[in-house]
Amino acid sequence: KQKMVELLPLLPVLEQFREDSRLIVLLKDEVRNLSGNLLALQEEMGAYDYEELQQRLLLLEARLHGCLQKLGCGKLTGVSNPITIRASGSRFGSWMTDTVTPSSDSRVWYMDGYSRGRRVLEFRSLADFAAGQNFVQHLLPQPWAGTGHVVFNGSLFYNKFRSDVAVKYHLGSRSVLAQRSLPGAGFNNTFPYSWGGSSDIDFMADESGLWAVYATNRNAGNIVLSRVDPQSLEVLRSWDTGFPKRSAGEAFIICGTLYVTNSHLAGAKIYFAYHTATSSYEYTDIPFHNQYSHISMLDYNPRERLLYTWNNGHQVLYNVTLLHVV
């Protein structure tokens, strides 16, 4: 009887597995339908003009993206032990891969320091980055502030030094495509993370797009999470999370949920989660092994499902465990 009691909590998990299995079958059918539609499009090429074909293709892409999101998104339940890729640079900095491009693009970008830097190193692959070889240099037209940079679909998004301005720098053409102020955002160490370092504005990406984390005087220094248009840098929608930004060690976003650590030092854990889908929050207790005791950058890459971290002059990766909510 005791053994049966111990097994009872598994029943909803098994039921969820059955639901997931049914979902995968539906997704397979949807992919088969997409393939059929594509073949039909190829046969009808002569009957449509270019604009109509393009619209139909965009609809198909949106449906396929919806399938991938249903299959891939979930709630964060665990973070692996750290995987150290390299030890280089100063105590503070950031490194990243593109969050959108195909897996064949394995370039790595490296930005040492948190203040007034303009030099971005682009490595050909993760192996080249680990070895410190085969790289080119970008010299940004405006210096950056903080370490909250992100590469999204071929462009680097960063906070311009001593300003509330977001900058979009296209890595291919080596030119600034857009820049815009974030309304009311604190800057120059007004509302940084707990470690300081002009980390007032933090750009990040998840499965649904580009985001910015910052704080304003109007919301008393609590974390504001904003969806940002990657073309114009216009703020599309914002959420006031109610969590004081100066009390946060770092933050990252997965599947529309912002996760916040309670410290940048040893003993940190993922302590708070804000869900944009329901505009609600919860306190969490997810262990986070801070091996080198000082994190100054933490970002999720939805393409690789990895956390990228700059930890006291070490460039570190973490795997994440995502589960569907039962």
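Including glycine, each Cβ sits where the backbone N, Cα and C put it.
Whatever TrEMBL says is automated annotation, not expert-curated.
As annotated by TrEMBL, coiled coil applies to 24-70.
Per TrEMBL, disulfide bond is recorded for CYS73-CYS255. Around CYS73 (disulfide bond), the same-chain residues at least 6 positions away in sequence with a Cβ under 8 Å from its Cβ are GLU207, ILE254, CYS255, GLY256, LEU322.
Residues or ranges marked as domain 'Olfactomedin-like' by TrEMBL: 72-324.
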Other CB atoms within 10 A, centred on CYS255 (disulfide bond): 19
